[in-house]
């Protein structure tokens, strides 16, 4: 459904995206993850035909995203990373205009269903809406025409945890209906929930592209394990302890969760908590300075 | 026009309509005020003798060649040659930048540009909205002129040819200047920069036209300016027959500039 071949966009020297290649089959979901400035938004803008590639191409359903942008847009629902909306309009008017532009006719069943799901009152003036409400409005605008392909740049940005879950559930349903999804995020758990494959971006290059399951096995998760009493050194054998504060042990686990749980089962564990880690920490092996681009 | 373009035009016009209404009402209101003041100005002691003492080049520069002998000549210099021009200059720069540049540069046009329309269709729809606004502005000004003359009973009924020629040239002048502003809006990725640049170019064009009228030696400066094609006092004084070269020239230049703006907009990157 989507082909990206040696796609490059050069901005100032060294900045931009360089020789990106990947494909997304119909019905698949692909995540682009990487810190700010890694090139996620530029890649998605190339897919929308908003940015002219310096080299290479991107295609959606066989149509060139730059040369046949209007035809591509008929298939695609797009959410930008930085949502800006026309301040002078009301939410309902904005959504009605989007529907008319995209040729949506008939009873507004899908619109009403999306409004209910995101608990959004569209009769409010956009200038009075909070950042989260604007994000919800933009998500609805991207989905209201029921497009076959969804291109979403940091879709949960600004949403509260409840609405983040509502969005992720919606993505599960859209996937089940055969939609093709490309989304960017710097939150790994979000990408892990939605996507089949992931491209890890660094400085405009894809440093890893793999199936979600394999990538998940490669990430190093940190757990803070609190003991009720100090264990013996032998009892901790098999755990990779990266830090210790009194009875709190920070354990790094990479893939082998069975061994981790089996070892903990024999220890006086009083509390267990997964640490929130940045993308750079999760994939330190990709983001360390020594890593060269493939 | 495709169905999608009709939707874009409808949305653009809905947003632009209040601006058009404000400018039109302000401009026409000023025309009525000028005609109401006309008797006190024309009967001011010594006005004609003051005008007679001015160098011919200065009266030509100020658009006073037709004098104040009749209300239409007075309107040609004080309204069509001054206030109407200034109002249309602001209307054009602000309107074109707002319609063509603010959406893409500030980011809120993503929803429309991510729709099933090409960039050419988008910019043409926004350009059409501006030209429609300019047409309404000009048409209301043209129709108001005989109405205002009749209301204040100024005893003169301008020929339709003169009225059409005045307003047609004014429309085409700003069609061309809007094309220049559209080029700035498409070329820059910052609507403030587009506004400042287009405003500066327009002010320079106006200045060239003014200075070019001061002396025959500087008439070449006027020829460099688009404003040089539009001399309302001359149309009133000498008739409408000589306006066609100017009208065709402005139409041709304006069309070229709009084509350039579309070409530039199709090639630029959009941070949406």
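Note: Cβ is positioned from N, Cα and C throughout, glycine not excepted.
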If you look at how TrEMBL annotates this chain, which of B:105-127, B:243-265 comes out as transmembrane segment?
B:243-265
Tell me, please, if the transmembrane segment (B:200-223) and the transmembrane segment (B:128-152) are in contact, taking contact as 3+ Cβ pairs under 8 Å between residues separated by 6 or more positions?
no
Using a Cβ cut-off of under 8 Å, list the residues of the same chain at least 6 residues beyond the transmembrane segment (B:243-265) that approach it.
100, 119-120, 122-124, 127, 165, 168-169, 172-173, 175-180, 182-183, 185-187, 226, 229-230, 235
If we skip the immediate neighbours and take only residues 6+ beyond the ends of the transmembrane segment (B:83-101), which ones have a Cβ under 8 Å from one of its Cβ atoms?
12, 16, 19, 23, 26-27, 30-31, 34, 123, 126-127, 129-130, 133-134, 137, 141, 170, 174, 177-178, 181-182, 184-186, 188, 191, 194-195, 198-199, 202-203, 206, 227, 261, 265
